Each structure stands twice: as structure tokens, then as C-alpha cells.
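I grabbed these lines from TrEMBL:
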type	residues	note
COMPBIAS	21-43	compositional bias 'Basic and acidic residues'
COMPBIAS	44-55	compositional bias 'Low complexity'
COMPBIAS	65-78	compositional bias 'Polar residues'
DOMAIN	275-423	domain 'YDG'
DOMAIN	498-559	domain 'Pre-SET'
DOMAIN	562-709	domain 'SET'
DOMAIN	722-738	domain 'Post-SET'
Amino acid sequence: MTSVAGFGQRTGAFPYFRISQEHEHETEQDLSEKSVSVHEKVARASSSPSPNPRSVKLDILRGSSGHNAVPPSTSADTSRILDVKPLRSLKPIFPPSNQAAPFVCGSPNGPFPPEYSSFYPFCVPPPPPEPEPPQPQATWTAAAPTPIRSFRTPGPSDGPGEMMNGDAEQFAEGKKRASGMRPSSSSRRRRSTAMVLGRSAPGTFVIPISPFNREVGNREMVDYVLTTFDALRRRLSQLEDAKEAPGGIIRRADLKASSILMTQNVRTNMKKRVGVVPGVEIGDIFFFRMEMCLVGLHTQSMGGIDYMTVRGEQEEESVALSIVSSGYYDDDAEDKDVLIYSGQGGAMTRNGKPAPDQQLVRGNLALDRSMHRANEVRVIRGMPDSVNPNTKVYMYDGLYIIQQSWMEKAKSGANTFKYKLVRVPGQPDAFAIWKTIQRWKEDISTRSGVIIADLTSGGETIAVSLVNDVDNEKGPPYFNYFSTLKYSRPFSILHSSYECNCHNACKPGDLNCSCVRKNGGDFPYTANGVLVSRKPLVYECGPSCPCGPNCKNRVSQGGPKVRLEVFKTKNRGWGLRSCDPIRAGSFICEYAGEVIDKDRLKQKVDEGENDEYIFDTSRVYEPFKWNYEVGLLEDESTSDSPEEYNIPSPLIISAKEFGNVGRFMNHSCYPTVFWQPVTYGTSNESYLHIAFYAMRHIPPMTELTYDYGMVPTEGGIGAAYRKRKCLCGSPKCRGHFGL
């Protein structure tokens, strides 16, 4: 129990006080009544004749009974009155008489017993805060980001503007909000039951974020927070998918995960600031609004305008920090450098009433003040996800300046504020790349440098283009496109598989499914096909399973789900990238090729054959953490999932003669992709496959890379392979890799 120190004696020693158990559950009304009773005593004493009203007040304080009274002191100076509030919930705690020490005393400066601490201001003042290094941009100390408990249906006093430019379409009741209908009381009860956000973690998780990095982040901290959030969100989604939920329940694992992280202070850039957010780069993408809150880019969980109060020349005023343009309001957002942004409010009506006019308050006022101050505003653009059109992808587009504002009549009939924002020149392209990709998808002929529109010749469901806009090379050396592994002989590398008995699609949580049992009782993928955790081995349903091709436990067998592109790099040969944004945990492709054994590999080395397309599971790889932190969850079914691979025998693949797009992925010491062993097969044989998954959210046109690892020196093969100079250019570059 938390303890505080009481009033000190003149000798410097003082008793320790602990919060009274009798009063720690008292309501505010109970305490208020006690406070009123004391004031009544003062009033009655003041109305009666008294030579010294000051002494009357002291008598009342001395005469108070119960644990709320301050112990009288014969040495106290009664000529002075301290203007302090009565300590209604404190009482002195004395040890029993049978203990050695009759009284717990200590110096005001400590040291203190383990269960006690000093009580400011009756002891020494707290130490001054440590100075922080200067930041390149202007900063102001402001309130913390909007807490998770602020999610609620706007009340009558909030006005419709509280849902400004948000992603309300992600909610199940989004249609009701758009039409101005307030969700029914039953739906609100279901929502509050489904989203239990106030659960605290068990306390076994050690937070690797310093107090300074919580206020001011960097790239490493931003990546850590986002990785921790998404890993926890995937696990919560997995647990929810395995439960039978009644209809109408809103499952928001993202809100639950963000609530847990906020409770545990797993966040960064909590200090609000104008301009650049440390560690967040232009072009970064987010699939959830709460991700932006956790890294300090945009702290409004649903609101489209984030602002703070600063001290002006004469009085305090609000300034805008960031805005989100996601299509909820009538914005003109097609231009890559100019954004016509609509203010908050006036977008929804209730009970068929006309939409109210927007008011120059809150976010609208902040945008107006920022226009006059000419401060930079961060702009986040929200676009439909190409893989799942029902969700949005948010891209940070950089800093803008508000040049102009006016009012015009909106489609709803309300007078609406309009703000013209112009992008600050000299910044890397972000939204401009998105718009260019949209034109390429509509007409591939507009893409410069296209050599082949589909190098797979229909081998994949989605065409893979070959592009070179760097030099005049017409393509990589010839190879046979093969979408999966090519075994030289039909031998079994694992134990015989046992197909499931699911006649429809396999269901999460169904322990009657043998494939689910082989995966430890957990479905390896979420409902949208995202890998939940790295595993020693992922078991997928095979061709002999009766569950059918639409089973969600066949993710790696369906080929790429994003539009990939083989392109010529400036200094690393040919590479692979995606024209679509990729969510963390999404399947990229398989590493296809010809399976060879160690003898064949040694023969290649001895003969001096230059095979740069070898994938070997026996190489030494840098370990990394990708799974969720078990200490953040209290669920009894949660256990630590090992991330070390358990491959019965080494798998060596050569993609020189036969292969797919996976052969074009380059090495990086800070990769965007990782590999995971996956097995499936027929009733008699099981075969191992290498599947690639996104390590984190990958923006469009970002190169897809994985860690090649280092070749072990034993066996004589590793000695023949020399170290190659690494050109990945990442801050974590090791300088070399094995090939």
C-alpha cells in the first residue's frame, strides 16, 4: 500500500502515515459531508463570542475525532495557521507494542524503510528534472495524448465536430454515425462489453524505453513501439478469432492492444511538438490510428485535427500540429502538393435536422491561428487498402503550410471552413508516389522503363513486371520461372502428414482439426491471412485435406497477394519491391527453386560455379524478436512462443536455373522481410517450404530484403565462400555477408 510521511517534529524526526483502510473506499460525497461538518463548526464558533477567532479554529482542529485528526503537539506554534487542506484520509501507523521499535522515525532526508517514501512538501523538495538536449524544432510541453478511455459516442455537448475527418468507417456502427443516427443503448452495451480496455498487465514486462525516449523518440524507438503494438494486436486477434462471439460484437484488437501499451508506457514522443516528430519518416504507413498515437505523430484517436495550446505574446492560443485527411469529409485531396481541407463539424445530422454550421473553435480555431503564425502542420493522408478495400492505409506525407482559409456551403447545407495547405518543398515524395502508382495500375504503358509487363508469363495470379529505369540492361540472366519447389526425387523430409477432417474451411480454436493441433492449438494466421507469430514450424493444410482451397490455413500456397515488381537497383543488381503497401505479417512469396543436397552444393563450390541464388537453412542468422511480449497479457492461455526454427534436416535451394520472384530479393542487415519454414503435403509425404513474410509495415516502392546470414565454416564449404561486401546502407549494417 502506498504510504506517505506525516508532519515532522521539531527534532527532525517524524512519524510515517499510511492511507487509512477505513477511508480509502469513501466516496467523494462522504468526504464532502465531513468537510461540510468541519465548516459548520467553524461557522458556529465564529457566530459565538470569542476573544480570538484564530484560536477557535485551532480548537476545532485539535478537537476533531477519528482518524482524520492531526495529532496535537505541545510544542506546536499556535500563533501561526498553516493554510493547508485537512488530511482526511491519513492516520499515523504505530507498530504493535510487542515489536522492538516503539516508534518508526527517520530523518526528513532519508533513508526510508522499504515500504515508505517522503511526503512533499513536508519533507525535502523533489529533485529538479534532468535537462533535456535541445531539439531542432520548436517544442512545447502539453498534455499527454488523448487517453484510450476517451473513445465514446459524442454527446449533445460535444457536437458533431468531435468525429472530424476520422476513420469512423472502420467501426461497425460507421453507417449510423454517417447518417447522424446515434447507436442504440443495446449496441452501446455490446460495444462496452466487447472492448474491455482498462485491463492492466501482470507487471512481468520490462519496458526497454527510458523516460527521455518516452518524451523524445528516435527511429529505433518508433520501430520498437510499432512492432510491439502489432505483435500484441495479432495475438489478441488470434484469441478473439478462436472464440465464439455473438452477432453485433465489435472486435477491436487494435484498441485493446493500444490500451495495454499506454498503461505500460510503451510509447514514444509523448511531448507534443510542432513540425518533425523524431523517428517518424516521411512515407511511413500505418494501418491503425492508434499506431500514430503511440509514436506521437497524431495523438487524436478519432479526431482529424491535433492541436495544442502555446503561450502567445499576450495570451495563450491553440496551434494545429497535424491533420488526417481520410475521405470522411469533402476534402480536395487529389493534388500531390496542395490539400483543400475541410474543418470539423457540420458533417452529421440527427433526427433529420439540418446540419449545423461549423464554428471557429477547437481544431478550426487552431488551424486559423496556425495560418497566422505560419507554423508547419503535419499531414497524414488516408487511402483505401488495395488488398482490403474496407480498411484504410495512412501515409505520413510531410509538412505543410496553411496559406488560405474561407467558408463555403457544403453538401450537407452547412457553412464549412476550408483551409488550403501547401506542401513544404524539398521533402521526399510520399503521396506523389501513391498517385503515380495508381496511374500505372490503370495503364501500364505510362510506366517508364518497363521491359516485360509480366515476367511470370501467367505463372502467378498477379502479374510481376520487370522494370529498368537506371541503365540499358535488358534483364537478368535467363531462368525457368517456377512458382514452387522442385524436388529432384519424391522423398519425404518430415514425418508422414495427417490430413485434417474438416469438410469446410478449418476454424480457429477447433481442436478437432489435426492441423490446428499440430500448430500447438492456435491457428497460425488471423482472419485476414496475417501470420501471428514466428514458429519453429508452421503446419498448413495440404492437398489431401478435405477443407478445400478457400481454407485460411493455406496462405503460403496461394502465391503473392500484392503487386510485385523486379527492378534494377543502382548498385546491387536486380531487386524486388511492391507497388502496394504491405502489412506486417503478410505473406510475400515463397523461395522457389531446385532442392539440392550438401554434396551437390559442395560440387558447385569445388567446380567454381558461381551460384548466387543459394538459400541454405543451415546458415547462421542474426536472432531477432518479432513475437508478442507475453508479459503484456494476462490471458491464461497465453504462453511464450519460441522463435527458433526446428527444421528436421537442412534445406538447400538453388534458384539459379529454376525459381520465382523470391530469387531477386537482396540482402540487408536491417531487412524488411523474414523467412519462416512451412510444411504441407499429401497423406504419405510432407515437404518443407520457405515462405517470406513482412517484418513490419512496408510502404509502396520500398525494396524487399531479407538477411542472407553467414555461411558456417565447418564441412569445408564455408571456407570456399568468401565474405561479400554489404551495400545495404542501413545504420545496422555489419559490413559483409556470406554467399
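Backbone N, Cα and C atoms are what each Cβ position is placed from, and that goes for glycine too.
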What same-chain residues lie close to the domain 'Post-SET' (722-738): Cβ under 8 Å, and 6 or more beyond its ends?
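Contacts of the domain 'Post-SET' (722-738) (Cβ under 8 Å, skipping residues fewer than 6 from its ends): 219, 571-572, 619, 666-670, 705, 707-711.
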Report the DSSP secondary-structure composition of the domain 'Post-SET' (722-738) as helix, strand and coil residue counts.
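Looking at the domain 'Post-SET' (722-738) with DSSP, the answer is 0 helix, 6 strand, 11 coil.
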Could you break down the residues of the domain 'Pre-SET' (498-559) into DSSP helix, strand and coil, giving a count for each?
8 helix, 4 strand, 50 coil
